[in-house]
Amino acid sequence: MVIKKLFILIFCLFLIINEINGKKTKINDIKKSKPKLSSTLLNVHIVAHTHDDVGWLKTVDEYYYGSNMSIAFAGVQYTLDTAITCLLANPERKFIYVEIAFFQRWWDEQSTTMQNIVKGLVESGQLEFINGGYCMNDEATTYYDDTIDQMTLGHQFLWENFGVMPKIGWHIDPFGHSATQARIFGQLGFDAFIIGRMDYQDIEARLENKQMEFMWRSTQSTPENQVFTSVLRAMYCTPDGFNFEQGDDPIQDDPNLFDNNVDSRAEQFTQVALEYATHYRTNNVLIPFGCDFAYLNAQMYYKNIDKLIAHINSNPDKYGLNLLYSTPSIYIDAVNDANLVWEVKTDDLFPYADNEFSYWTGYFVSRPALKGYVRQNNALLHVVEQMLVTSSNLMPSSRSEQLVDDIVIMREVMGIAQHHDAVSGTEQQHVADDYAERLSIGNCASLETINTVVGTLLTANGNSKSAAATPTISFCPLLNQSICPATDPLSSGTSVPVLIYNSLSWTRNEPVRIPIPIANVTVTSSSNGSITSQVNQINGTFILEFLATIPPLGYSTYIITSTASDFVEPNSIPAIIIQDEIIVSGGGKINEKVSYNDPIILENDYINVQFSSQDGSILSITNKTSGVTSSITQEYIWYNPSVGNDDSAQCSGAYIFRPVEDFAYPYNNATPSVSIIRGEISSSIRRFWSNEMVQTFRLYSNADHLEVEEIIGPIDISDGIGKEIVSRYTTTLVTDQTWYSDSQGMEMQKRITNYRPSWNLTVVQPTSGNYVPVNAIAYIQDPNQSLQFTIVTDRSRGCASLRDGQLDMMMHRRTLKDDGRGVGQPMNESTQIVTTSKLIFHDISSYAQSHYRPAALSLSHPLLPMFTTTQQSSNDWNSQYQGVYSPLTSASPLPNGLKIQTLQWLDNQDNTILLRIENIYQIDGQDSQDPQTITLDLSTIFSTITITSATEMNLTGVQKLSNLSRLKWKTVDGKNYDHKSSSSTKEDSSNGFVFTFSPMQIRTFIITTN
């Protein structure tokens, strides 16, 4: 007890002395003493850890507080309490922690004294933060924006409170690994990426060939972001027989006891360590001690590990081992010191299977409504972050600071939602409900903030405007369900101004669809007067459509007025009212107005699309600009989820997609009702089978793509059979089994059906084994005809190309059996989804990325309509309020290809802003022209912000790029990229803040303003 108190006192005195000297020591700058490693013995790095899911079987709160123990015996607060106590009892012990969402809660509950003690443990290296994100994010269903944001949230906390920046990526539980995740970890400056899961065939080959560690160069565009990767030998839990917290025999080393077992237990552990060593190339092995929510009673672990280490190390000749408490960073340093040459991997780690019948490809689609809601809130968070920065000069600093504090709610809930059992859809139902509720709370908080900011912007700039009453802003979150209470005042003659916000970095000329209660309206633009509009009358509802021109990071206003209102301007243009025309009734009866064989044609200046007059199905698509044509069909099919059979008991469930057979059934054999709308703004074909299956093909007058809106679900299980629903597109393209999918919305990955670049694949599951995640983009190409067919999605899905010229997109799934991977519930979700895709068909030589990249960003960052009301004419309203706003210097201040990815306050008291700018195009070698490096002067972007300094940082904004130092590794190809090889390291540009951006590069800056 005396030693323990003295140990604590020394820590506290050390911190007090630092404070007195006025120093804020950054722990990354402190050279910790290296552990004693052996050059002749096998060094066994024991890594004490807990894997704390930020929700899974229990909610985040239940896991933290330890409630609902009947579901899972876990309480993170007790884990941290007991682990810290055990570290203080023995300075040799170490512990790593990963999930900052939990640690931040625990930290905030601690006294100042305890916080200082913990800082001392971090200083000494006993407690080390690994990975350091708000959660351990999924890699298949997360968007790259969200991944970077949640890592930033965790790293900012660690830097502000401890002065540390993690150096190792630790993703030991996600169910497959993406190229983008590896690239992000490289750009963060991580020295290594440690993973726990790898396909069973891949890992068998690697174990045999000692290739469990390699250099992962996952991107052609930014190869300097390669990262050394190490695969754990046997997942991330304690070796069998040594889980002292869960009932395995303790180490009994008292020679006076009859049941002394220290020799046999040491021999047992030695065999484990030596087996591990046969698969790795250095005399170092990492053996994790811990598992899910481990160290709830940390003393049970540490006391026994102490004995194991002491006994084995006292007998080096007998056991041949050097055991030590270690961390992943210590282990990686030791591997690096071996100075070996490493193989290079360039493909990703999808799909993942843990045996021949179990491909983890179902979760790419599980809970698609939640996946869509997460994506929607990502877009909203970026809107509110942008607004808070660009409007802060218009409001009192105290008000601006409060609004920035308010948005932390949304940042944190979005950080939680990226967890690998959250957006992935692999949680229990009550946990999914909890995530949705948290997102809803964050959503409401964000909309309240936007209401305040937009009110400020509307009344800014000019005395007359500033004297106007601040309007109240409302929103219509159910626009995709044709519900918008904000437009109800039109029925009583009140006009409805609609402010439409664009969060992208270029002017957008896009269609807007708004449900309205009446048909006879006009639309007036704040900048262009009365404009053409269209009202579609469908099943008794009215949908207003018009083309809106919106400046970057800003809004434009369009005022909707009833033609019967007293506020109609004399020269206003009434909306064109269009009644949908029934072409085919539900029973398949053909309307006499249409010849049986004549196709239905939707056409604009860019594309021509033909549909069957029998059932409204798509027949062909022609790109009128390049003159290329392909026949194309689309059908809904479903796979019968396995409930186990003689080959394997494996069921299809939350994680696993395992169909009973590779044959897929037509989802609905009935002929749908088909209706058509033709208008100046849009024309569409609507196919209605039932309220559970509706498909609309929509062609806008200014679009080079075809939009597809689909309503699917709840999935019918009245026959007692679950269903996994796929939308299959079949073209005449000859694709040679090759197709492409994005990686978390970023770089495209080449896929070849029934093939893996890294090993010789034995095909056992030809359907589920070929599905990979798609977050935004999938396409097929016919090089001989120079044709490309692209599908752009609004949320993550699973995709495959099982036949030449085909793309299969899994849309929704509902299974009736648990798949045995821990969640303990079937994927029996009864939700309906409303989802939007874009179909793009073009000549490869027409620089394909310029078509699909902006289209994908448009879906991921949709325009945001904001509504208010007025009892004024549009002219009077425009004279009082700022109807058009952009904080940028022009309609296109950024060169084509550059995008402001992040614009958010770091500290608005110090006027410091986190700014990320990305080049959205990649080097892929497929286009006739690859993107070039783009130059930008940061000082020319903003009109409302004057940049006084710009310091380039690592990706999460906590470490100067000029100070970033990574371990050097040798590779078999000799390409040992410098992390800064394509990046300027100048902190403050003396030439107008000029920087260059190579293809697919994201550069991060902390800028200060006046």
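Quick reminder: no glycine exception, Cβ is built from N, Cα and C everywhere.
Candidates N539, N669 were compared with Swiss-Prot; the annotation N-linked glycosylation site appears at N539. According to Swiss-Prot, H51, D53, D173 bind Zn(2+); the candidate from H382, H420, H430 that the record adds to this site is H420.
When the Cα of N828 (N-linked glycosylation site) is compared against those of the recorded positions H51, D53, D173, H420, the shortest separation belongs to H420.
Comparing C-alpha positions, H420 (Zn(2+) binding site) sits nearest to D173 among the recorded positions D173, N520, N528, N760. Within 10 Å of its Cβ, the residue among the glycosylation sites N480, N528, N760, N963 with the fewest other Cβ atoms is N760. Surrounding the centroid of the Cβ atoms of H51, D53, D173, H420, where the record places Zn(2+), the chain contributes additional residues within 8 Å, namely D52, W56, M136, I172, P174, D292, H419, D421. Note on proximity: of the recorded positions H51, D53, D173, the one nearest N480 (N-linked glycosylation site) is D53, by Cα distance. Checking each of the recorded positions (D173, N520, N760, N954) against H51 (Zn(2+) binding site), the C-alpha distance stays within 10 Å for D173. Note on D53 (Zn(2+) binding site): other Cβ atoms within 10 Å of its Cβ, all shown chains, come to 27. Distances between the Cα of N784 (N-linked glycosylation site) and those of the recorded positions D173, N760, N963 are shortest for N760. It is 34 Å from the Cα atom of N760 (N-linked glycosylation site) to that of D53 (Zn(2+) binding site). Cα to Cα, N963 (N-linked glycosylation site) and N954 (N-linked glycosylation site) are separated by 9 Å.
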